[in-house]
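Record features (Swiss-Prot):
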TRANSMEM  10-30  transmembrane segment
TRANSMEM  67-87  transmembrane segment
TRANSMEM  88-108  transmembrane segment
TRANSMEM  129-149  transmembrane segment
TRANSMEM  159-179  transmembrane segment
TRANSMEM  191-211  transmembrane segment
TRANSMEM  227-247  transmembrane segment
TRANSMEM  255-275  transmembrane segment
TRANSMEM  280-300  transmembrane segment
TRANSMEM  329-349  transmembrane segment
Amino acid sequence: MLYLTNYTDYMFFSYISVRAGFAFFIALFLSLYFMPKFIKWAQNKKANQPIYEYAPQSHQAKSHTPTMGGLIFIFATIVASLLCADLNNFYVIIGILCLVLFCTIGLVDDLGKILKKDNHAGLSPRMKLLSQFIASFICVFFLYIMGINTEFYLPFYKYALFDGGIFMLALWILVIISSSNAVNLTDGLDGLATVPSIFSLLSLSAFLYLSGNAIYSSYLFLPKIQGLGELVVLSAALVGALMGFLWYNCYPAQVFMGDSGSLSIGAFLGYLGIVSKNEILLLLIGFVFVLETISVILQVGSFKIFNKRVFKMAPIHHHFEKIGWVENKIIVRFWMIALLANIIALISIKLR
């Protein structure tokens, strides 16, 4: 879409906000259009979500729900981005690469579970982690050789603490892998991971746009990073695609995103946190994902060390199911927590 400015004096399509809006609606339309077709195809092929044997009893009714819906919204995101974003911008190219790599990892994992009708039959934990490490390394290596800012910032503080240089690659890999797995753990109830992901993308988009603008970044004491604002187009496309997906994923879900969706969303959130220099603030932006991950760590650690469980079941959303909360109540309350956390994160823009 940006190329249209080369053939006319009308600069309408040169504005990031305009192209982000087009990307949003294109991805939304593609997601809404192709998702029901995919659902019908997946039902015919019996590409259903295998249910964990220890999951709450209410989940057994979901055993016939198709999965791998992430393929559609990632496809919609990439198509909209290719049409609307500046493909000469290396932040955009690496962002698309990140989505493709992690969607592929998730797809392999999903297919293994579906073909064997076993929730444990996908990639082994070791193989999944190795695949995520390789994919993360590819992304951060390209970022580094392209000269990305390697300074380290803390939330609510206007100056960089230090320049980590090449050692920042280790932190960036950790951020992407952790974020990817955190969203994956959260994706256990209808729409639970989708809406907090949208909130996180919107918050990060604000940081991307402001840091990419010389005037705003200087006024707000944000890192000034040329070209970063172009990622808002890619982020807006994913928001639109996720909203289209949510139409079919809200309770009771007609389709699940699968690992192909959750792993790629999480990795992309981690990527946006890295390039916008919000590696630490990402803990607040993705607070619900962090909460879910911590609950699993506490549960596993406590059981291995003390042979006792902290929660009735982990991740923590299953704990609330076990104590009698209905699914919709858990989902909406977690959405509220995610919204509040992102509001606080956005306040940090001014409080520096």
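Any Cβ shown, glycine's included, is placed from N, Cα and C.
Since this is a predicted model, take the numbers as computed values, not measurements.
Taking pairs at least six residues apart, the transmembrane segment (227-247) and the transmembrane segment (280-300) share fewer than three Cβ pairs below 8 Å and do not count as touching.
By the count of Cβ pairs under 8 Å, the stretch nearest in packing to the transmembrane segment (159-179) among 67-87, 88-108, 129-149, 255-275, 280-300 is 129-149. Contact count against the transmembrane segment (129-149) (Cβ pairs under 8 Å) is highest for 88-108, out of 10-30, 88-108, 191-211, 255-275. Remote same-chain residues near the transmembrane segment (67-87) are listed as 1-2, 19-20, 22-24, 26-28, 30-31, 34-35, 38-39, 42, 47-49, 93, 95-96, 99-100, 103, 106-107, 110, 114, 230, 233-234, 237-238, 240-242, 244-245, 248-249, 255-262, 264-265 (criterion: CB distance under 8 Å, separation of at least six residues from the stretch ends).
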